[in-house]
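This report concerns only the one structure given below.
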């Protein structure tokens, strides 16, 4: 076992503070509309320029092991806030640094760390309750655009695009962010249900210009097994051909004789048909086939349910107004399923999302939900250079997460003012002793820090003066760092999602409390590389003197 180095009490906390400060001081320069960029060196390719707190935090690794522990604890604040709310990572870092700094002063003066922690926890609970109290719900396109604009570092183009995307696909719709081929940033909306499976043969194409199979007023056969034998497929083919409507076949696979027969009949004009593989794998495939069946009013022909392909009737087939199939994707528009069944399926998937513990599963469930409830919006991000593209794409993703958070829990006034207004909630925090009262006061002081930092980043105004002026005001009155004016911030579009502000404070207090109650740090003793024996001359043994 490797020998360990142990550092105790004041020495340990002082070193942890150095690490906390190194990370926080690097991250907090990005806060607010006047925040600066941070340039990050990459081993390969061009450096990355970013104004995203969590991106900066994730890049910081310190040489000293205990300092690095402090830095990594605060990095956890940024990461957790990003995971939960998608934004507010810099605010969380600033709050964590302030709580730890003020707490350390009191521990050094003889306060009991565990009572400080209890006071901090009680204070945070009351502040969160006050934030919820002053929160207001959002629904309009204009309010959604405001949240997106602020989270994208005051880029109104991005705010408008996100608002338009949400307007098109709904609150539960999937909005994906991709890199555009050109310089233009644009929104593309895919109506209906799209899945990533294209036609099994180019001979199914009906439009040779676009290389797509276009089926109008189509029937849909949904089967969860492979189809290789024409005999089992023939009865349902004959029944659908009699109706004169085109047919889309979705199955695990279609091969051999069955595929060849379909292609020949399609070329002769006997059948209007197209065949695609079923989307997904395993249990997810079964669920997606069921989604398609409900959306189109059809039935999944599955032997597990007692249905056989050779006995299938036209009643088992789904229906859609239009289906478009290219070499990569199938899009079903205006499925003829009943609204009651579709709503029931949507609620079922929402329930699964609430119970899901895996980020991957949640993402896939949300995709399925969107395909059932309104479609998919794609934001194609354009820029002049790759460096600008990556930076802009990161901002769009942040703004998208923040906007979703705002829809969930509402918004509060931005610019650090909501935390100032929430200070009045501390009057409800009860302390059992002086040290707990000190813990409450630590939060009181820390809540001012984001506003101080936003002002400091403007480089032109005194933070203490601004803080006093904002405290004297009420409601939405605050300092707009972009225009350097005192005004009604909500009217000026300076708002934050309540979830972002709440998560930032909760996560910051949690990690700062852990650091305050730390009494010892254990690290590996670093090996001294200079003590390593030198390689003997003449190369490696058995290599004949080769290097």
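Here the Cβ of each residue, glycine as well, is placed from N, Cα and C on the backbone.
ATP binds 30, 31, 32, 33, 87, 88, 89, 90, 91, 415, 496 as Swiss-Prot records it, and from the list 51, 393, 437 the residue named for this site is 51. In the structure shown, the C-beta of 90 has more C-beta neighbours within 10 angstroms than that of any other entry among the binding-site residues 30, 90. Note on the binding-site residues 32, 88: the fewest other CB atoms within 10 A surround the CB of 32. The most crowded of the binding-site residues listed here (51, 415) is 415, judged by how many other CB atoms sit within 10 Å of its own CB.
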